[in-house]
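Each remark here refers to the structure printed beneath this line.
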Amino acid sequence: MTSGRELLSSLDNSPASRQPLPHPSGSFGDLGISRSDGSFNTSILHLARGEPFEVDCLEKDKGEARFFGDTNLHSVNPVGESFNSVVTTKRPHSLDSEFFEEVSLQCAKQPSKHLVSWGSSAKEMLHDDNNSTFSASSEISRDSGNLGKPKGRSHRKSVRFDDGVLREEDARFIYINDPRRTNDQYEFTGNEIRTSKYTLITFLPKNLFIQFHRVAYLYFLAIAALNQLPPLAVFGRTVSLFPLLFVLCVTAIKDGYEDWRRHRSDRNENNREALVLQCGQFRSKEWKKIRAGEVVKISADETIPCDMVLLGTSDPSGVAYIQTMNLDGESNLKTRYAKQEASLAVLEGGAISGLIRCEQPNRNIYEFTANMEFNGQKFSLSQSNIVLRGCQVKNTGWIIGVVVYAGQETKAMLNSAASPSKRSKLEVYMNRETLWLSIFLFMMCLVIAVGMGVWLARYENQLDYLPYYRKRYLTPGKDYGKRYKFYGIPMEIFFSFLSSIIVFQIMIPISLYITMELVRIGQSYFMIGDRHMYDSSSNSRFQCRSLNINEDLGQIRYVFSDKTGTLTENKMEFQRASVNGKNYGGSLLTADQLPEENVSGATNHRRWKLKSTISVDSELLELLHKDIVGDERIVAHEFFLTLAACNTVVPIRTRDGFSSCTDSQFFEDIETIDYQGESPDEQALVAAASAYGYTLFERTSGHIVIDVNGEKLRFGVLGMHEFDSVRKRMSVVIRFPNDAVKVLVKGADTSVLSILAKDSGMDDCARHAATQSHLTEYSSQGLRTLVIAARDLTEEELELWQCRFDDASTSLTDRAAKLRQTAALIECDLNLLGATAIEDKLQEGVPEAIESLRQAGIKVWVLTGDKQETAISIGLSCKLLAPDMEQIIINGNSENECRKLLADAKAKCGLKPSNKGSQYLTCNKNAEMNRLESPERKEEVPVSLIIDGNSLVYILEKELESELFDIATYCKVVICCRVAPLQKAGVVDLIKSRTDDMTLAIGDGANDVSMIQMADVGVGICGQEGRQAVMASDFAMGQFRFLKRLLLVHGHWNYQRMGYLVLYNFYRNAVFVLMLFWYILFTAFSTTSALTDWSSVLYSVIYTSVPTIVVGILDKDLSHQTLLQYPKIYGVGYRHEAYNKRLFWVTMADTLWQSLVLFGIPVIVYKGSTVDIWSIGNLWTVAVVIIVNVHLAMDVRRWVSITHIAVWGSVIVAFACVVVLDSIPIFPNYGTIYHLAKSPTYWLTIFLTIVIGLLPHFLFKLVHHHFWPSDIQIAREAEILRRGPDYWVSKPAGGSS
């Protein structure tokens, strides 16, 4: 550690270190570094293929490159620019928790070539639980369907972008400031965007085409078409079209309004203006007219109109700060930078010309592969050199860039695809019942047709004289004596069948679809407005992003949860540190609590302060400020230097204008430093280093400035290998002020400990053992751990690395893989410095929420990328795991080992071994049936399963899924640690594809998108991780604890309401149809109707629809307090007690009885009277409307004023409509209601019909509630008793609807 010792001495002796460093105004800089990117897709591609990677060390030109950092320009070898062109800003990762299977990346022994072979059996890479690349998440929508198959889940292919590998012939050529040449040679799209679906010409055909994807609409279209044929014209031709036209028009108006808003938004966006370089001057130009190749200037706080490669900025170092909130929802500023050559040319006002070769448009917002030829030089471009459409320029005066992607080809537009649509499970069941109704309808029509044939054959010779069927017109008039169109008995039977379908068409309720949509909208309105699900800390309210699956929230059986940011806050706090084998952090104190002598050295020279307050360990702080030069202090010094330097955090400095006098020193301005980073872990580590006296003060594209106990030191950054999911570590090559070069590394324990120096002495072995012991202790406390290491680089190693690094960073093919191999040259034989432990606290209310969900019978599984010990500790703290639970841990490194562990686990659980022939079970009940009948297991101990992603590689890809399924469904709790995003989706699919149970996935990060889209219901958390999870979800909220209310209250209400809504719609239409059916049988199968055409149409559209909608939105069986107090009531949902086949057939039996009563009682009462057919029809119309509304009223559990208005108002409206229709002279029923209403018999008949018809329903409810009360009924009675008699006099305010 010679460089560390020399650096410590240089703090006092180096003149350069004492010189104040100039700080360009407004430049806070970023490394401008290129990441070794770790391209998730490329690595997976080669892992899957088993191809070796080979990097040749090519001879480079001996030219010199320059980088800025001091008051003088320093001449360095070409790696300076290589660094500047290689390292990109990628979403930093929580290094402790992003784990993939170990890949051997050893130190290269041969200087000329570095060869790494990854076999096709290499284990699936595991991804972090909280910070994953967009590559993994954004592709799941393409391949989520594959995950549903028991075999052959193409996990590797699903995360690879098509253009992850760029070949020269596939490149896109952009001629800088020459749009004509750029666009003449290639057909690039303009910058006009269009998010609308329709135009004036395409709206009608396209909208109708989309609507008729619903098979029911095709059915009603066929019915309407049949009714247009003269032999089948049962209803008026116009009237028969009314229901279908009404539904189509309502939907078309809604779609048209939404698309008009999109057109308006597109027009406003396309007509915005930006400054474009034209004829040597920047002139305003509409966004829609900007083309690829043009040079655009964007000022501070303006929005970027297209994807541009940066050429220059207002900062002399070429740094720009970009806010990507519109793209990914993250509020932290990102750093992008221009190449030094281009930036100088822009600042000097020189000619701007050159050639960019870049990849074809793709939707990966975290990667960009290209190179640029500028003024005779060629260098690489990466993601940190491009700014994307929709982002905003912040803290930068202006930026200038060249357009590479425009319009629909921009990454923002390519990522604007909606999440896959999901279908309600209740709708699936509803389709099953619709099929039964269709069969029943077919049978009724067949009975009518056969009856017609038999009747015609029997009375064929008397047809001219029979009252219900005749061949001739006998009534005086122009048709007197003419023959009817009689087509013969066979054709009459056929026409009778078709006519019956038309008469009975509403047996399949067309109004049900639009009713369900309206009810879901109403339910969503109340869910969004629920104040109990508003998160004040993030100022976010509940969001309903999908209206199709509200009722599925009440049927959830499995919840799959992310950990970091979902169960925890994702707000990291530095808690513990192991430095040189010694444990620190047992007693943390804030700066105010520290003794004066401990902080005086660190604060004497400070003219700045941290924005946040960090607690420190006084013993460790004292060690860092001791006036000694020993190994212990050197290790501690390098430890905190690594924390301050090895990151992508950007320091943002603001002046407070604060002045004070202390000890004769006058501070005019105190600067506040706020660290902006894409990872909360990195921000916490850098802030902790600052609290101990190592403050990252400035970052530019070629150097960093760190304030070490009051002395500012400039470090040259020669290159950085950012964290990637294969290496699981991050490293930076630093040139110290004394010209020593070191590589500083931080990463996951399994990654860094395996590349430490092997020939260590006794002291080093003891240090390693102590550090590993501390890591285990930290993990058991639920802390997130990282290991810190470093080593000196010799000139030979540096030269070899520079050569490989320069070659890899400018490569257009397999750049990520080559950079990984290059990192392996220096990430080896490291010296262990220590380890860090960061606390990620549980969110408020998480333990209580999980306990309530478990009481409700919902199984909660946690899928995380964290270490096993950390996951278990969090499981205990959030009450997911209980101390008395027996833990089954499966950590296998081979298929055979996993098979043995699964067999042992099944034996421990008392499960029978599965037969291969029956490995794919259809229901998790099978797993329970496989349990051994053993007298020893009368009182079963709850069992939990902990499995790592390494084991899942072999289990999910092999024939072991059924074994895992049996064990997992038997266990009370399952925790999967070290899992990749697609493994999360695979675990969800394991349950979803093998059971009928509903699944819900909840997460907050991009790595959770795969499981959110795979689950039946996806919930996104509006947290620290951006908005990828929210954008892919069906519902979104601010805190995990809201899931308790969402499921137990709103989910229960929605399921109960929608289940009853579907059954009631089937009932009300069936009772009407069956009443007509009995009448047709009574009239010699003639398909004549006693009801007017308008009465038949208005029955389901107006007479009975409004009460259904109101009850579906507002009805409550229990209050929200009761539902939260008794979580077990939620079980009625996943047990399907509100809607099932038994209830359907019971309802149909009740329907059959009511239809017979509706038909029979009026016929019996008016038998032998002179009342005509239309009078009976009017009586039936009024009676059926009253009986179905009273039936609804008997089932309503919560009466409010609007419910009364809807139910009883519908009866009044129906009677009024009958009066109006009977007042129109051209209708055959003209005046009938006036004669009927005068007769007491009419009203008595209606009353008798209602009482007799609803009596069985009333008695069934009475007996069932008295002898077999449900949980809901018992709870309702308890509610009423608890409220007391005063409740009905002075009703209290209810909870949120």
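Heads up, the Cβ atoms here are built off N, Cα and C, so glycines get one too.
The active site, 4-aspartylphosphate intermediate feature in TrEMBL is assigned to D562.
Just so you know, the Cβ of D562 (active site, 4-aspartylphosphate intermediate) picks up 30 other Cβ atoms within 10 Å once every protein chain is counted. Per TrEMBL, Mg(2+) binding site is recorded for D562, T564, D1004, D1008.
TrEMBL lists D562, K563, T564, E682, F723, K746, R784, T864, G865, D866, R978, K984, N1007, D1008 with the feature ATP binding site.
As annotated by TrEMBL, domain 'P-type ATPase N-terminal' applies to 174-239.
For 271-411, the entry in TrEMBL reads domain 'P-type ATPase A'.
The domain 'P-type ATPase C-terminal' feature in TrEMBL is assigned to 1030-1270.
The region 'Disordered' feature in TrEMBL is assigned to 1-32 (among others).
Annotation source TrEMBL lists region 'Disordered' at 131-157 (among others).
Positions annotated as transmembrane segment by TrEMBL: 239-257 (among others).
The transmembrane segment annotation in TrEMBL covers 435-457 (among others).
Only residues 6 or more beyond the boundaries of the transmembrane segment (493-514), in the same chain, are considered here, and those with a CB under 8 A from a CB of the stretch are 214, 216-217, 219-220, 223, 226-227, 231-232, 234-235, 240, 243-244, 247, 250-251, 430, 434, 437-438, 440-441, 444-446, 448-450, 452-453, 456, 487, 1062, 1065-1066, 1069-1070, 1072-1073, 1076-1077, 1080, 1085, 1087, 1089, 1096, 1099-1101, 1105. Look at TrEMBL and you will find 493-514 (among others) tagged as transmembrane segment.
Sequence-distant contacts of the transmembrane segment (1066-1085) (same chain, at least 6 residues past either end, Cβ-Cβ under 8 Å): 433, 437, 441, 444, 447-449, 451-452, 455, 466, 468-469, 496, 500, 503-504, 506-509, 512, 1091, 1099-1100, 1104, 1108, 1144, 1147-1148, 1150-1152, 1154-1156, 1158-1160, 1163, 1180, 1184, 1187-1188, 1191. Under the heading transmembrane segment, TrEMBL lists 1066-1085 (among others).
Positions annotated as transmembrane segment by TrEMBL: 1097-1114 (among others).
Counting only same-chain residues 6+ beyond the ends of the transmembrane segment (1143-1165), those with a CB under 8 A from a CB of the stretch are 433, 436, 1063, 1066-1067, 1070-1075, 1077-1079, 1082, 1176, 1179-1180, 1183-1184, 1187, 1191, 1241, 1245, 1248-1249, 1252-1254, 1256-1257, 1260. Feature annotation from TrEMBL assigns transmembrane segment to 1143-1165 (among others).
The transmembrane segment annotation in TrEMBL covers 1171-1192 (among others).
If you look up TrEMBL, you'll see 1199-1221 (among others) marked as transmembrane segment.
Of the candidate recorded positions, D562, D1004, D1008, the one lying closest to R784 (ATP binding site) when CA atoms are compared is D562. Candidate recorded positions: D562, F723, G865, R978. Nearest to D1008 (Mg(2+) binding site) by Cα distance: D562. Remote same-chain residues near the transmembrane segment (1199-1221) are listed as 1092, 1094-1095, 1098, 1102-1104, 1106-1107, 1109-1111, 1114-1115, 1178, 1181-1182, 1185-1186, 1189, 1192-1193, 1227, 1229, 1233 (criterion: CB distance under 8 Å, separation of at least six residues from the stretch ends). Break the domain 'P-type ATPase A' (271-411) down by DSSP state and the numbers are 22 helix, 63 strand, 56 coil. G865 (ATP binding site) has a Cβ environment of 36 other Cβ atoms inside 10 Å.
Within the chain carrying the transmembrane segment (1241-1260), a Cβ under 8 angstroms from the stretch's Cβ atoms is held by residues 1146, 1150, 1153-1154, 1157-1158, 1161-1162, 1165-1166, 1179, 1182-1183, 1186-1187, 1190-1191, 1194, all 6 or more beyond its ends. In terms of Cα distance, the recorded positions that sit within 10 Å of G865 (ATP binding site) are D562, T564, chosen from D562, T564, D1004. Among the recorded positions listed (D562, F723, R978), D562 has its Cα nearest to the Cα of D1004 (Mg(2+) binding site).
Between R978 (ATP binding site) and T564 (Mg(2+) binding site), the C-alpha separation comes to 12 Å. Mean model confidence for the domain 'P-type ATPase N-terminal' (174-239) is a pLDDT of 78. Just so you know, of the binding-site residues D1004, D1008, the Cβ with the fewest other Cβ atoms around it within 10 Å is the one at D1004.
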